[in-house]
Amino acid sequence: MLADSAVSSSGTQNTGHGNHKEDSPFLNSSDAASKKNDFYDRNLALFEEELDIRPKVSSLLSRLVNYTNITQGAKEHEEEESAEASRRKTPKSPNMGTLMGVYLPCLQNIFGVILFLRLTWIVGMAGIVQSLLIVLMCCSCTMLTAISMSAIATNGVVPAGGAYFMISRSLGPEFGGAVGLCFYLGTTFASAMYILGAIEIFLKYLVPQAAIFHDTEPHRSDSAMLNNMRVYGSLCLSLMAVVVFVGVKYVNKLASLFLACVIISIVAIYAGAIKSVTHPPEFPICMLGNRTLVRDRFDVCAKTIIKGNITAPSQLWDKFCLPGNMSSAHCDDYFIQNNVTEIQGIPGLGSGIIRDNMWGNYLEKGELLEKAGLQSVNAHGALENFGMYVSADIATSFTLLVGIFFPSATGIMAGSNRSGDLKDAQKSIPVGTILAITTTSLVYFSSVVLFGSCIEGVVLRDKFGDAVKKNLVVGTLAWPSPWVIVIGSFFSTVGAGLQSLTGAPRLLQAIAKDNIIPFLRVFGHGKTNGEPTWALLLTGLIAELGILIASLDMVAPILSMFFLMCYLFVNLACAVQTLLRTPNWRPRFKYYHWALSFLGMSMCLALMFISSWYYAIVAMGIAGMIYKYIEYQGAEKEWGDGIRGLSLSAARYALLRLEAGPPHTKNWRPQLLVLLKLDEDLHVKYPRLLTFASQLKAGKGLTIVGSVIHGNFLDSYGEMQAAEQAIKNMMEIERVKGFCQVVVAYKVREGIVHLIQSCGLGGMKHNTVVMGWPYGWRQSEDPRAWKTFINTVRCTTAAQLALMVPKNVSFYPSNHERFTDGNIDVWWIVHDGGMLMLLPFLLKQHKVWRKCKMRIFTVAQMDDNSIQMKKDLATFLYQLRIEAEVEVVEMHDSDISAYTYERTLMMEQRSQMLRQMRLSSAERQREAQLVKDRHSLVRMGSLYSDEEEEIVEAPPEKLQMTWTREKCEAERRNKNNAPENFRELISLKPDQSNVRRMHTAVKLNEVIVNRSHDARLVLLNMPGPPRNTDGDENYMEFLEVLTEGLERVLLVRGGGREVITIYS
């Protein structure tokens, strides 16, 4: 295993084949020279035979020191995949500290477009108190997730891959793939959101003249704006994709510039807020009554202006009235009846405006922005003047604002994504991430309070700054100029978009290279230097979908869902590992607790449904479908994940509960131990036994498939593993869900006894044995085949287990066949716990047998009342809720026929003849030696032929075939005795008990064949073997006679307990 999973000396890695590099990154068993030195180390001679799989401690430590986990960037990929690279170059050692490696990247990823474009609007709509609650919820969620993430990230070396790597290795490939793709989709939609933010800044505040589409109706500018966003967004996405394709190094070089833009913008906001205490910026707002007017539509905030000595109508008058006419008869009613006033847009920190902004003021779509304190006469205004007022573009609510704000708290994975570049990742990731979240949370909290304390409420609720001459609202507070914020936020959003567009394809490539989702394999390939070209193309297409939505407020909740899903599973991973106390769970970060992880998980789930319940259901549906797809179709992986530990813990708990006592009759179902026979090539001889087991079980309950290999365990271990794999393959083909157990034993009979005794665990033990019929036992002179069979029957009876023997199993239907009609006939001769009733009912659950009808026959003797028996049986079946036809067959007393007598005589003569046919000792030894030589390579026994009769193997040199005088005389005596033996056989009289048994078998067989010759399946009671072992061979003959002429027979023996009940 170590050789498979280690990183080879040529630099290539075994990725995507189950054993990943993290399984054993330090062990390299491919160095021939070091192996040689290891083997011939004189001081380690005692261990020399195992040094290939258990290396010296010195070798381990030297590899451990040399092991590095640096992120493979363009340069390393180029070296690795280049055909000319003859040897791997030593990668540059990681040297980034907490500040540069974690803290600043996290700051850059967390601060983003929402802070500059939407936070003032959120404060205006929700009020300071509810805005603080929104920030607290989102930041608490990310802080708790960061604590869980820190615990996982410090539990060993985390290669680059961030959340996907942590979740997949903690919760398994199914969860990892589902959440990894959710994280990928979240990052992709984040790039779309950042691009939309950048375009919004560009078209609204930087170059409004660049708009291509213009609406003819001024109050319906939404559709034109959305179309502009789509066109410019698509162009911007194409440009960014080209930049990322050409080279990521340019993006990384510009990262510090983008971060500087963010920091300068935030500092400018704080500087402006402090300055507003004494010198608030001049941004007057024009109000008509208590309604806010769009300020860039007119010059002077007054109804009339004085030109010289003449009072003339202003531009505002001309907007509401007929141009050039001072008569109020042609004016808007609301305009005439209300005064025009001008108020300060930024009253400043000392103005006390905080009282007005404390509580929420949610608006419906199209509702006008009104200031509560201003006097207003409510009059009907003309619809054509609607565009003069500032109005709400979407309906707002607390839940909507949560979904829009949450993306500004994401980005906490930036540090863990760079773990390969860090000097001490296990120290830097927790400290840097938690510090970054603390910093950003403080900025958000203080920003909410500052915005609410400095800016007028109607301005806060004005999303696009229409009331302040189309200025960015947050920019009006900034010092020294609004342009600092506009330009800074533009570059920061462009930078964040580039970072997302760079990270998302790499994440998809990592998932594709893990080979857990087959249809994503193509995205694992890229350019020769490893750049994920195909993944970038898919990312661009998905991001384009986000851009076609064109609304920042619509895209933000979508990516909130995907990030919340990701964070939920990070918390779950930490909680599961902590509660299970898995041996490998030893994080260096100690300040975590399972309760905090559960709280974080609950908050993530709550936030998902708070922000948008329908998006939450869609996101969970996508994750669920991916999970089931990987479970059904994906490549098998063993990553030592926590879900396996959780399964073990749950299994242990359930097994201990089952141990409390035997199952109630209502819960009894056949838990099968299927005994299989393998041929010399380790192929299953009768695969229809497995087919029958799968039809009987239909995926429910326990199925153990067992087989015995004849030989010595030390020599036959490889054979045993091969046999186990062959059985598992056949189980998969026949859709048998269960376990496989192969044992090696000197005697197959003993191996079967071991299986019957020891298979299963606790309450999950088998209660029913299924084995095949020993075909050809009559033709074989070797009695061991049927002796093993009868011994197994006796063992199951002694262990109080039920037994099923499908005879003529080759004629049983496959899983693909369907019986459209026909009967399943049950011949209930003796009561054996109700197994005969239960088995056809279980078989009819399967599609193969579903259309068959069930018939129950029982046998009445001369002194039985057959009519009453039939009524009683029908009532019994009615109470059992089993639908079946009932027939009572009367067995009349009759004389034993000549046929029965003859059949018994033939049986006994055959037994006697076989006992008398004994080879001489020398011939027997010679034959045994020949057989042993012929099959020395195949140490394969079978279930029904065994070396039960101890064969004394004489040394070859003693096997002399010289004819001595004694031997000649012995041979002559044997020849003389032959006629005597023959006369004995002729004069043999059959035993009366055998005659009686044969009579029963013949009579029953006549009746069964007469009634059930065309049945799809016949079930009947299997008689027990005789107590005296001398009659074993006769027992086999009785069973043959009993089942003669029937195509498919299932012989059934109960386990000595009731398995069916009439009670609910």
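Quick reminder: no glycine exception, Cβ is built from N, Cα and C everywhere.
According to TrEMBL, the protein carries these features:
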type	residues	note
COMPBIAS	1-17	compositional bias 'Polar residues'
DOMAIN	102-273	domain 'Amino acid permease/ SLC12A'
DOMAIN	371-673	domain 'Amino acid permease/ SLC12A'
DOMAIN	687-805	domain 'SLC12A transporter C-terminal'
DOMAIN	819-898	domain 'SLC12A transporter C-terminal'
DOMAIN	953-1064	domain 'SLC12A transporter C-terminal'
REGION	1-30	region 'Disordered'
REGION	72-92	region 'Disordered'
TRANSMEM	133-158	transmembrane segment
TRANSMEM	178-203	transmembrane segment
TRANSMEM	229-248	transmembrane segment
TRANSMEM	254-273	transmembrane segment
TRANSMEM	394-414	transmembrane segment
TRANSMEM	434-460	transmembrane segment
TRANSMEM	472-491	transmembrane segment
TRANSMEM	533-552	transmembrane segment
TRANSMEM	559-580	transmembrane segment
TRANSMEM	592-618	transmembrane segment
Non-local residues, at least 6 beyond the ends, that sit with Cβ under 8 Å of the transmembrane segment (472-491): 113, 115-117, 119-121, 197-198, 201-202, 204-206, 257-258, 261-262, 264-265, 268-269, 271-273, 275-276, 281, 283, 345-346, 450-451, 454-455, 459-460, 462-463, 465
Chain residues in Cβ proximity to the transmembrane segment (254-273) (below 8 Å; excluding those fewer than six residues from its ends, i.e. six or more beyond): 104-105, 107-108, 111, 115-116, 281, 349, 443, 446-447, 450, 453-454, 474, 477-480, 484-485, 487-489, 491-492, 494-496, 498-499
Quick one: do the transmembrane segment (229-248) and the transmembrane segment (533-552) have at least 3 Cβ pairs under 8 Å, skipping pairs fewer than 6 apart in sequence? yes
Long-range neighbours of the transmembrane segment (133-158), counting only residues six or more past its ends (CB under 8 A): 22, 25, 69, 122, 126, 165-166, 170, 398, 401-402, 405-406, 408-410, 412-413, 416, 419, 425-426, 429-430, 433-434, 437-438, 440-441, 444-445, 448, 564, 567, 570-571, 573-575, 577-578, 584-589, 591-592, 596-597, 599-600, 603-604, 607
Which sequence positions outside the transmembrane segment (533-552), separated from its termini by at least 6 residues, show Cβ-Cβ distances below 8 Å to it? 113, 117-118, 185, 188-189, 191-193, 195-197, 200, 226-227, 229-230, 233-234, 237-238, 241, 244-245, 501, 504-506, 508-509, 512, 522-523, 525-527, 558
Local confidence of the prediction over the domain 'SLC12A transporter C-terminal' (687-805), expressed as mean pLDDT: 86
How many of the residues that make up the domain 'SLC12A transporter C-terminal' (687-805) does DSSP mark as helix, as strand and as coil? 57 helix, 25 strand, 37 coil
What counts of helix, strand and coil residues does DSSP assign across the domain 'SLC12A transporter C-terminal' (819-898)? 24 helix, 20 strand, 36 coil
